[in-house]
Structures are given as structure tokens and as C-alpha cells.
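Enquirer: Residues or ranges marked as domain 'AAA+ ATPase' in TrEMBL: B:25-351. Here TrEMBL flags B:33, B:34, B:35, B:36, B:37, B:38, B:39, B:40 as ATP binding site.
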Ligand SMILES: Nc1ncnc2c1ncn2[C@@H]1O[C@H](COP(=O)(O)OP(=O)(O)O)[C@@H](O)[C@H]1O
Ligand SMILES: [Mg+2]
Ligand SMILES: [Zn+2]
């Protein structure tokens with residue numbers, strides 16, 4: 001048996017590195033793309049090149065956009081004195097889909113973990129503390145995982161924000177990379193039932 | 001009312017068992033046969049119908065039958081549910097209940113399992129770790145959530161120990177981690193304390209041939225903290241000392257279980273080997289009696305007859321029958337179980353060229 005040409009096996013190897021795909025599903029996906037190269041593969045390649053050239057992290061909040069400061073941070077309307085702190089951009093997107101939260105975000109990019117050498121500086125926490133003052137924030141909502149690392153991070157942040165109301169999403173609601181799997185109603189309920197930390 | 005029990009079990013490529021299928025009626029089961037026949041392996045399989053690594057604390061790979069090494073599987077009927085647990089080489093153990101994949105924790109809700117194994121014979125004379133584990137298993141039998149508190153505490157403490165080793169100076173970070181330790185630590189302490197009280201009550205209320213033990217938690221600290229606030233303050237205060245040691249020197253991970261033979265006022269570690277065994281049997285029976293109302297447990301008593309004299313052995317069997325639940329016992333010969341008479345089911349274990357065979361015997365003969 002002869003292998004596919006090198007360019008194609010390279011593509012398969014790259015695809016197999018995507019979350020949720022393994023070597024088998026990557027082979028299937030690439031085969032599908034090649035069969036539909038006119039309608040699908042060409043436009044996909046163009047879209048990828050475009051996003052790859054323009055995507056960047058918001059210097060203020062860590063959201064992903066195409067400008068140095070993302071649309072949410074630029075919008076006057078979103079400056080309502082509330083910041084929702086999330087672990088991941090996927091959580092931010094999930095919150096936005098539910099369209100309930102009208103304030104701004106701060107994306108940490110993970111949780112504190114001494115064992116994994118992830119400290120406050122790796123998590124944009126100093127930037128968050130700056131923003132509390134410069135954006136006249138009155139309430140910080142922590143939407144972090146219920147794991148030990150998530151809760152350590154929540155308390156670490158809360159500990160340094162005297163004078164600001166710090167709340168967390170209702171207990172029992174899985175958050176932190178998991179917001180993504182929740183329906184809008186559940187996110188809305190968790191937001192309404194948020195509690196002082 | 002009899003509690004949940006193992007009505008059927010089949011072992012496939014599990015340790016010395018190639019294919020073993022057995023049915024039980026919920027009463028005591030006496031398993032006898034020569035050393036190495038596969039008796040302990042069988043009840044180890046039963047212990048894996050509860051959360052954790054089972055009564056030998058073995059890794060999933062160690063359970064794989066050699067030389068085939070193709071993975072193992074246990075299937076059982078427990079309280080009317082079909083339980084499957086298995087592991088393939090190099091992977092962790094999986095659990096399915098009624099055809100649905102689930103976590104090991106779910107096993108703890110189906111059935112409580114208590115065990116006594118020969119390695120516990122040295123429990124009272126060896127280090128505190130074994131006694132803490134023994135106590136924590138008892139706590140777990142009353143409250144499956146204890147496992148979570150222990151895991152949370154250990155995870156948070158590993159974080160703190162890493163901060164200490166790396167000489168991190170961020171006080172907020174310590175405070176956040178110590179808050180987690182304090183919350184879990186207080187829950188661990190409360191669970192241990194209430195379990196000790198339940199065991200003492202169960203000993204006091206019972207008519208038993210086994211010696212009552214006075215139990216107490218002890219701590220290396222002169223002023224041990226046990227509440228959430230107290231622990232949080234103690235961790236904060238201990239930071240500079242712990243920085244020197246590179247690890248956490250105070251907290252429930254340092255606690256010990258003290259036992260004193262009540263009638264004689266002799267600490268367990270100074271009792272004779274047989275007396276130490278009798279104390280352990282006494283605690284397991286007390287644990288079973290304390291659970292009997294809400295969650296009657298299944299008992300696994302490996303080689304328990306070995307250190308007991310005839311009188312105590314007969315008394316043990318009477319108490320097992322009085323508990324009314326399922327109990328698996330092992331011993332080298334049928335004569336060890338004579339006092340059971342018709343009240344137990346008998347299994348004879350033999351080894352044929354490295355494969356365990358289990359044969360049901362009508363009564364021991
Ligand atoms: N993974 C394994 N594969 C095959 N045989 C095993 C495995 N683990 C243990 N054994 C064998 O099982 C036997 C011990 O069985 P065990 O149940 O402990 O005996 P006993 O009847 O004395 O309690 C030993 O002969 C040992 O070699
Ligand atoms: Mg044995
Ligand atoms: Zn932004």
C-alpha cells in the first residue's frame with residue numbers, strides 16, 4: 001500500500017492536533033475537504049489565512065478580536081461598572097450568547113496552579129487589578145471552576161479587592177471552560193443567583 | 001432486612017482467575033484452600049465493587065492475569081444492578097452500572113464494603129499513615145463525600161507545598177490555598193470525630209466477645225486546630241516554619257488514631273498480636289453494626305481466623321450471623337470454619353497449573 005502524498009499526510013497530521021480530532025477523524029476530514037475542495041476547502045483555507053493574519057488578543061481583557069482593543073472594551077455601553085472574570089475565551093463567548101451580561105470581561109487564560117508553575121503574572125491578574133481602578137468597577141463577578149485551582153484563584157482575586165463587591169456564579173453550576181456547554185437559560189439563572197464570595 | 005449483596009460475580013482474567021463464575025445467597029461465605037489457591041484474589045475482586053483501589057490497593061495493571069496480559073473484567077449483580085468493572089493494559093479502571101459508564105464513586109452508593117486484611121495486623125505498631133487510612137475508610141463508609149474532602153485537602157496541600165519549596169512570597173496566594181485546605185481540613189476532622197463517636201457508641205451498645213477500644217484522635221501539635229477558622233490561622237502562622245521545612249507541618253494530615261484496650265487500659269500497640277487482631281475485628285464489627293440500619297455493609301475478612309482462639313472464632317461467626325449480611329471469609333482449611341456449621345456457604349479453592357478453581361461444597365467435610 002502506498003501512502004497519500006506528503007502534502008496530504010502533513011495536512012492530516014496537523015488536523016489530528018485539533019481538539020476532538022484523532023488520526024482517524026483527521027483522515028476522514030481531510031478526505032472530505034479534498035472531495036469538496038471547490039465549495040469547502042478553498043473558502044476554508046482563505047478564511048483561515050484571513051483570521052490567522054488578523055486575530056489578536058485584546059490588550060485590555062484578553063478577548064480575541066481583530067483589533068488591539070476588542071469591541072466590548074471599546075463600547076461605552078458595556079462600561080457599566082461590572083467585570084465578569086472567566087478562565088477562557090470560550091466562557092466569554094458562552095456568556096455573550098446568553099446575552100444577559102451587559103458589562104465587560106476579563107479573560108485569565110487559566111487558573112492559579114503552583115504545581116503547573118502558573119502564577120498571577122501568567123494570568124493577567126495584575127492587569128485586572130489595574131482595570132478595577134481605571135474603569136471605575138463596582139462589581140466583579142467570578143465565573144471560575146469549582147475545582148480547587150478555580151476556587152483558589154477566586155479567593156486570590158477577591159482577597160485583593162477591598163471596596164469592590166465580589167460575587168461568584170451560583171454554586172452547582174459548572175463553570176470554567178464548561179460554561180460553553182450550558183444552555184442560555186442556565187447561564188441566566190446562574191447569573192441571577194450570583195452570591196457574594 | 002438484609003442489605004445489598006453480591007448475588008453473582010464473574011471474574012475474567014483477574015489475577016490467578018481465568019474464568020470464575022459464582023452465585024451467592026446473601027449470607028456468610030467461607031472460602032478455604034491452600035496458600036496461593038486464589039482465595040484472597042476472589043475477595044479482592046469483591047472489594048473492587050467499591051470505589052478506590054480495592055483491599056490490596058493494587059494498581060489496575062497488577063490485577064491483569066499473567067502471562068496472557070490482555071486486561072481483566074469483573075461482572076457482578078449487586079442489589080439488583082448489573083455492575084461491570086475492568087481495565088485494559090496501561091489504562092485505568094472503568095465502571096459501568098446497568099450498561100451505563102459511570103464513576104467509581106457511584107459504586108459507593110450501591111453497596112458499602114468493609115474489609116480486614118492480614119497487612120492490617122501491624123496497624124497498631126506501624127506508622128500513623130496506616131491508621132489514618134483505616135479511620136478514613138470507616139468515615140467513608142458513613143459518608144461517601146469524605147473522599148472528596150480528602151482529595152481536595154491533598155490537592156490544596158500539594159499546591160501549598162510547592163509554593164513553600166519554590167520559596168514563593170505572595171501572601172495572597174498562600175491565603176487562597178490555605179483557605180481551601182482549611183475548609184476541607186475542617187470537614188475531614190469533623191468526619192473523623194463523628195465516626196469515632198459512632199464506633200464507640202456501637203461498641204458500648206453491643207453484647208460482644210470482642211474487646212472494646214477507647215478511640216481518640218491525636219495530633220502532634222500541642223494546640224491542634226480543627227475548625228475552618230482555626231486551621232486557616234494555624235496555616236498562616238506556620239508559614240515561615242513551613243518555608244524552612246519545605247512542607248506543611250500542621251493539619252489533619254498529621255492526625256493519628258489512638259486505641260486503648262478499654263478493660264485493661266493498655267494501648268493497642270502494647271497488646272499481644274492476637275489481642276491486636278481482636279481489637280481490629282471489634283472495630284470492623286462495630287463499624288458494621290453502626291452502618292446496619294442505614295447501609296448494611298458487605299464484610300471481607302481475609303485470613304481472619306488465623307490469630308483468633310477457638311472461642312473468639314466461634315463468637316465472631318455468631319456475630320457475623322447476627323448481623324445478617326453478606327460476609328466473605330478466607331482460611332487455609334475447612335476446620336477453621338467448623339463453628340459456622342450449616343450457617344455458611346462453603347467454597348473450596350484449588351490451583352491447577354496457575355489457574356484458580358472455585359468449587360461449591362454443600363457443607364465443610
Ligand atoms: N496478575 C496475576 N496474574 C496471575 N497470577 C497472579 C497474579 N497476581 C497474583 N497471582 C497469583 O495468585 C496467587 C495468590 O492468590 P491469593 O488469592 O493471594 O492466594 P490465597 O488463596 O492464598 O489467598 C499466587 O499464586 C500469585 O502468583
Ligand atoms: Mg490469601
Ligand atoms: Zn477587551
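Backbone N, Cα and C atoms are what each Cβ position is placed from, and that goes for glycine too.
All TrEMBL annotations are machine predictions without curation.
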Enquirer: If you count the C-beta atoms lying within 10 Å of each candidate's C-beta, which of the binding-site residues B:33, B:36 ends up with the smallest number?
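Expert: Each of the binding-site residues B:33, B:36 was scored by Cβ atoms within 10 Å; lowest is B:36.
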Enquirer: Going along the chain, which residues six or more apart from residue B:39 (ATP binding site) have their CB under 8 A from its CB?
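Expert: The list for residue B:39 (ATP binding site) reads B:31, B:32, B:33, B:302, B:330, B:349, given in order along the sequence.
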Enquirer: An 8 Å radius from the center of the B:33, B:34, B:35, B:36, B:37, B:38, B:39, B:40 Cβ atoms defines the neighbourhood of the ATP site; name the other residues of that chain inside it, in order.
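Expert: Leaving out the recorded residues gives B:330, B:332, B:349, B:351, B:356.
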Enquirer: Which site among B:34, B:38 has the most other CB atoms no more than 10 Å from its CB, taking these as binding-site residues?
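Expert: That would be B:38, with the most Cβ atoms nearby.
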Enquirer: Minimum Cβ neighbour count within 10 Å among the binding-site residues B:35, B:40: which residue?
Expert: B:35
Enquirer: Just counting, how many other CB atoms are there within 10 A of the CB of residue B:37 (ATP binding site)?
Expert: 22
Enquirer: Ligand 1 is in the model; which of the binding-site residues B:34, B:35, B:36, B:38 have a C-beta less than 6 angstroms from one of its atoms?
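Expert: With ligand 1 as the reference and 6 Å as the Cβ limit, the list reads B:35, B:36, B:38.
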Enquirer: Given B:33, B:34, B:37, B:39, B:40 as the binding-site residues, which ones have a Cβ positioned under 6 Å from some atom of ligand 2?
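Expert: From B:33, B:34, B:37, B:39, B:40, counting a Cβ under 6 Å from ligand 2 as near, the near ones are B:39, B:40.
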Enquirer: Taking only the residues in the domain 'AAA+ ATPase' (B:25-351), give me the average pLDDT of this model.
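Expert: Result for the domain 'AAA+ ATPase' (B:25-351): average pLDDT 96.
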